[in-house]
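Report on one structure; see the data block that follows.
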Amino acid sequence: MSLQRVCILGSTGSIGENTLDVIARHPERFQVVALSAASRVDALAAQCRRWRPAYAVMPAAVQAEALRAALADLPGTEVLDGEDALARIAALPEVDTVMAAIVGAAGLAPCLAAARAGKRLLLANKEALVVGGALFMRAVAEGGATLLPIDSEHSAVFQCLPQDRAHWDAHIDHIVLTASGGPFRQRDPATLVEVTPEQAVAHPNWVMGRKISVDSATMMNKALEVIEARWLFGLQPERIRVLIHPQSIVHSMVVCRDGQVLAQMGTPDMRGPIAYGLAWPERVACGAPALDLSRAAALSFEPVDTARFPGLQLAWDTLAGPAGSTAVLNAANEVAVAAFLDRRIRFDQIHAVNADTLAACAPAAGETDSLDGLLALDARARAAAGERVVRLGG
Ligand code: NAD
Ligand code: MG
């Protein structure tokens with residue numbers, strides 16, 4: 001076991017904090033080399049005092065200046081800012097492992113940098129893969145990176161598969177991603193127009209950042225995860241299915257070619273998949289209590305009510321569409337969720353923004369071949385989604 005030197009992109013978020021919690025349990029295994037955040041200077045400053053990273057990044061110059069002032073007595077930490085600073089810390093020669101825990105497409109550039117630099121890349125930032133798609137996977141292959149899933153469903157599938165990826169296709173008939181159904185699984189659909197941001201972010205099983213919590217309530221999170229699974233496991237979209245499992249104990253399943261079903265279970269605590277990614281192929285204590293099935297509630301499963309959750313189908317629709325359609329969907333959804341959290345549109349209008357933006361914004365040929373092309377497509381889709389938000393009255 002050699003010391004892993006870790007960079008955490010998005011260290012002040014829910015995944016970032018949980019990553020540091022796991023790392024704190026194993027000081028002999030992990031060393032924090034770089035941390036980053038986009039806001040909350042105080043929180044990042046406190047992390048720097050605790051972890052003494054060589055680098056800390058805040059992309060905005062004003063905030064970076066405030067962080068420098070807060071860390072004036074801590075000469076060992078260099079504070080970087082600017083557009084390329086995240087990609088720079090993700091590719092540092094003194095970094096072995098990058099935890100990608102930024103939310104949204106903003107994480108794509110540093111993920112690509114980590115992939116091209118051949119890092120061990122722990123991917124929580126699903127939007128980066130949804131936007132990056134084939135380009136992202138090419139960067140992983142060409143850079144010789146090791147891509148390890150952190151999303152609990154994908155970690156579950158990964159834990160059920162043979163270590164040698166060359167066997168995956170022969171092993172898998174299809175996979176089943178489980179979904180809790182979020183806070184509105186049983187709510188009268190007619191009342192979804194009244195949902196407030198506070199209600200939407202109150203997830204029954206998981207404590208998460210605001211954006212993914214809203215995505216769980218619309219089930220757009222599961223749509224993004226279907227797209228994520230398509231790339232992580234190299235599966236045709238029809239080999240990816242979704243099942244509601246309200247207790248969030250079975251984190252996902254692999255249905256094998258011989259009809260046998262492998263499932264991974266655990267308490268709903270992200271430190272489980274994070275510790276698995278950090279220690280893989282070994283296992284280390286993660287801090288979450290082990291699952292005790294003698295005390296667990298009954299486990300239940302049900303099909304998805306697609307009328308209640310119309311966004312889910314957009315995963316298969318965009319995967320069947322022109323390359324780049326998933327990037328358009330992601331951009332629209334980021335804009336729609338932000339507008340909902342700002343109370344500019346209603347909860348049920350998130351889907352309208354997503355569907356209308358997909359109809360209005362077609363990817364151009366070749367746009368998905370480069371990071372610049374993808375960022376241009378992302379910007380165009382955001383503009384189209386923003387117009388739709390305004391037309392809805394927001
Ligand atoms: P969060 O909002 O709690 O934290 C996001 C982090 O990224 C913060 O440190 C923030 O400062 C930083 N950040 C935000 N915007 C940025 C930008 N434009 N540039 C640079 N940094 C930026 O989010 P989270 O819940 O921790 O989720 C992070 C990612 O992990 C998301 O992609 C989410 O879908 C995924 N994920 C989260 C969970 C969970 O339990 N929270 C589970 C599975 C997957
Ligand atoms: Mg998940």
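The backbone N, Cα and C atoms fix where each Cβ goes, and this holds for glycine too.
Within GLU83, GLU94, GLU225, the residue that TrEMBL lists together with ASP151, GLU153 for binding Mn(2+) is GLU225. According to TrEMBL, THR12, GLY13, SER14, ILE15, ALA38, ASN125, GLU127 bind NADPH; the candidate from GLY82, GLY181, GLY182, GLY209 that the record adds to this site is GLY209.
Considering only the binding-site residues LYS126, ASP151, GLU153, ASN221, ALA38 (NADPH binding site) has LYS126 as its nearest partner by CA-CA distance.
Taking the mean position of the Cβ atoms of ASP151, GLU153, GLU225 as the Mn(2+) site, the remaining residues of that chain whose Cβ falls within 8 Å of it are LYS126, PRO149, SER152, HIS154, SER155, LEU177, ASN221, LYS222, LEU224, GLU228, ALA229, SER252. Spanning the listed 1-deoxy-D-xylulose 5-phosphate site, residues LYS126, SER152, GLU153, SER180, HIS203, SER216, ASN221, LYS222, GLU225 have a farthest Cα to Cα distance of 19 Å. The binding-site residues near ligand 1, defined by a Cβ under 6 Å from one of its atoms, are GLY13, SER14, ILE15, ALA38, ASP151, chosen from GLY13, SER14, ILE15, ALA38, ASP151, GLU225. ASP151 (Mn(2+) binding site) has its Cα within 10 Å of the Cα of these binding-site residues: ASN125, GLU225, taken from ASN125, HIS203, GLU225.
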